[in-house]
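Worksheet: one structure, shown below.
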């Protein structure tokens with residue numbers, strides 16, 4: 001339940017960055033000076049030429065990241081049923097920092113003072129459409145899987161009747177133990193596609209998500225196998241067939 005704090009921070013911070021970039025892109029305003037200073041500190045030349053659709057791609061990814069945080073916050077508040085488990089203080093602090101850094105990473109992928117001046121319809125590319133469609137597809141499955149987990153602890157009337165663990169079935173649970181983690185990876189991959197596929201920095205973020213979610217999935221998979229003797233043997237931990 002402490003993950004709720006992460007999404008509150010993400011909604012507020014990444015929403016603020018989204019507004020800043022939106023105003024710079026469509027109203028011709030400059031990004032705040034501290035953002036430009038941060039660009040310089042990270043080696044991003046604020047006067048460099050905007051290559052293709054960098055501004056629009058970053059704006060779209062920030063929007064997707066903000067919508068993802070909004071959905072996850074709503075699920076934490078109204079869908080998920082949490083046990084009494086706690087989180088380590090180091091992991092908690094790291095999580096808060098991560099959701100601040102990830103939006104800032106997107107913003108640092110574009111020059112701060114340059115607008116390309118083209119119309120929005122011209123800026124929409126094939127990789128934007130593919131990325132957004134993949135994002136929607138993965139998000140829908142993640143929500144379904146989280147709802148399945150929550151319903152294991154609820155009665156048919158929706159009342160919470162248990163906080164114990166049970167074996168989930170349905171949707172991507174038929175293939176893997178942690179499909180919501182797999183969907184999280186796909187969501188970040190969809191953002192990499194939306195940024196233009198060739199953005200090395202964001203693929204580094206994807207690699208972090210891959211290892212982070214894979215580790216959590218393996219631990220969860222081992223928990224299921226240890227505590228449920230009839231657990232389906234064909235299920236993989238994280239990625240189907242892997």
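Heads up, the Cβ atoms here are built off N, Cα and C, so glycines get one too.
According to TrEMBL, the transmembrane segment annotation covers 6-24, 86-108, 120-138, 185-211. Among the features that TrEMBL reports, domain '3-oxo-5-alpha-steroid 4-dehydrogenase C-terminal' is placed at 126-242.
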### Message
Restricting to the domain '3-oxo-5-alpha-steroid 4-dehydrogenase C-terminal' (126-242), what is the model's mean pLDDT?
### Response
96
### Task
Using a Cβ cut-off of under 8 Å, list the residues of the same chain at least 6 residues beyond the transmembrane segment (86-108) that approach it.
2-3, 5-7, 9-10, 13-14, 17-18, 20-21, 31, 35, 38-39, 42, 44, 58, 61-62, 65-66, 69, 195, 201-202, 205
